Amino acid sequence: MRTGTTDTTAYSAKFLFLKTVRINVPLCLYSITSFMYHPIFQSLVYQKACLQYGDRIGIGVNCSHPEISSNSELQAIANWILLLSGVAICSLGLFTSALIGRFSDTKSRKAALLIPFSGLILEGASLVAQSYYMELSVYWLVGSEALFAAFGGYMSIFSSFFAYATDSMHNYPPKCRSLVIAVLEGVIGFGGTVGYLCLVLLKFWGFVGLFTAFLIIYIICFLAVFFLPSINSRSTAESRSTTEIEYKRDMFGFDLVKLLWQQKRIGTFIALIVAFAVSFFTFIGSTHISLYYLKFRFGWDAALYGFLKGPTQGFATLNVLFIYPLLRTHNFTDRTLSLIGVISRALGRLWLAVTWSTSSTFLLMFFDSFARFGASGMRAISANIVPLKNHGSMFTLFAVTEAFSNLIAAVIFHTLFPLSLDFLPQLSFYILAVIMLIPIVILW
C-alpha cells in the first residue's frame, strides 16, 4: 500500500507542471500582462490627468517631466481616478464573478474561462484607442475597467484557472492539489516577474505599443483556452438537465456554505477566508499606492518600479515553485507554510515604510521572498476540505474576497495616501504592516 508521502513524492512539481502545461501557458501569458498592467495603467492615468488638469492646477512643465512626480495636487487627482476604477471593476466584478464561478461548477470549466477573456479583449481594444487619442477624457479609462468587470474581471480568470486545474487532478491523491496550486502560483509568479521586468518597454514602445501587444496576447490566450479539453462535460441528457436545475436553483453557489455547515467545517473555512482577505487587502493596498509612493519620495518611474518588482516577484516565484513543494513533501503543513507567507508579507510592508533611499528599497526582495506561500497554502487547505464538485464556487469565493478586499483597499488608500503626503507619506505602509497581525494570529 502506498503511503501519503510516497504518493506526493511520486507526483513531483515537474510532473504536475507537465500535466497542467496546457493551462500554464495561457495563465503565464495572462500573468505577464496582468502584472505589467497596473503600473502602466497608473502611469497612463497620471499622464492623462496631467494633460487634462495641468493648466488648472498650475503645472508649468511638460507632463513627461520628472518634476510632476512630487505634485501633491496631481497625486490627489490621479488617486481619485484610480479609486473610481477600483470601485468600477470590484463592485461589478463581485456579482459577475460569482455567477461565472457557479457556471463553472454546473456547466463548463472551459466556458467559464472564455467569458472573462472575451471581456479582456474588448477592454484591450478600448485601451489601445484611449492611449492613441490622449486628448480623450481620463475618465473613459474607468469605463474600460467596468467593461472588463461586466465579463467577470481578473477575479474570474484566476479562479477559473484554479478550478480547472484542480478538477483535472481529480484522479490523483488529494495532496497533489496542494502541489498543483503551488505550481499555478509559481506560474503566475513567473509571469509577474517577466511582466515587471518588461515595464522598461514603456520607454521604447509607449502606451499604444504596449496596449497593442497586450491585445495580441489576450487573443492568443483566448484561442489557447478555446482548444482546451472540456474536463467536466455532461455525457447524458439527464445529467445536463440536472445541472441546469442546479444552476438555476443555486446560481451563486450558496450550497457550498450549507455543505460546510453540515460537515462542521464552516468555522475553519470562515477563518481561512478572513485570513486570506486581510492578506490580500495588504497586498493589493500596497500595489495601489506603491508606484505613486516611490514616485513621490524618490522620483521613480514605471521602469525603475519594474526593476524592483521583477526580481522581488522572481524570488517569491522560485520559492513557491521549488521550496513550497519540497517542504510540503517533507511534512510541513499548508498552515505552517501559509504562516511563513503572511509573516513575509508583513515584513515587506514594514520595510517599505522605513526605507530611506532608492538603494535601500531594493532590500524588499529579501523580505517579500516568501510572500506567495500565504495564498498557496490557504487555497490548498480549502481545496482539501471542500468537495471537488464545489471547487468552482470555492475558488470564486476567494476571487470575490479578492474583489471585496480590492474595493475596500482602493477606497481607503487612494483616499488616505494623498492626505498623508504632507506629513507622513509612509503612514499607509505602517497601517498595512500592523493589519497583517490578523492573519498571523489566525494561522498561528
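One-based numbering along the chain as shown.
Each residue, glycine too, has its Cβ placed from N, Cα and C.
Database features (TrEMBL):
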type	residues	note
TRANSMEM	77-100	transmembrane segment
TRANSMEM	112-134	transmembrane segment
TRANSMEM	146-166	transmembrane segment
TRANSMEM	178-202	transmembrane segment
TRANSMEM	208-231	transmembrane segment
TRANSMEM	266-284	transmembrane segment
TRANSMEM	304-324	transmembrane segment
TRANSMEM	394-417	transmembrane segment
TRANSMEM	423-443	transmembrane segment
Cβ contacts under 8 Å made by the transmembrane segment (112-134) with residues that lie 6+ beyond its boundaries: 44, 47-48, 51, 100-101, 103-104, 140-141, 143-145, 147-154, 156-157, 160-161, 163-164, 206-208, 211-212, 214-215, 218-219, 221-222, 225-226, 228, 392
Among 77-100, 146-166, 394-417, stretch most in contact with the transmembrane segment (266-284) (C-beta, under 8 angstroms): 394-417
Winner by Cβ pairs under 8 Å against the transmembrane segment (146-166), considering only 77-100, 394-417, 423-443: 77-100
Stretch among 77-100, 208-231, 304-324, 394-417, 423-443 sharing the most Cβ pairs under 8 Å with the transmembrane segment (178-202): 304-324
Cβ-based contact of the transmembrane segment (394-417) with the transmembrane segment (208-231), 3 or more pairs under 8 Å: no
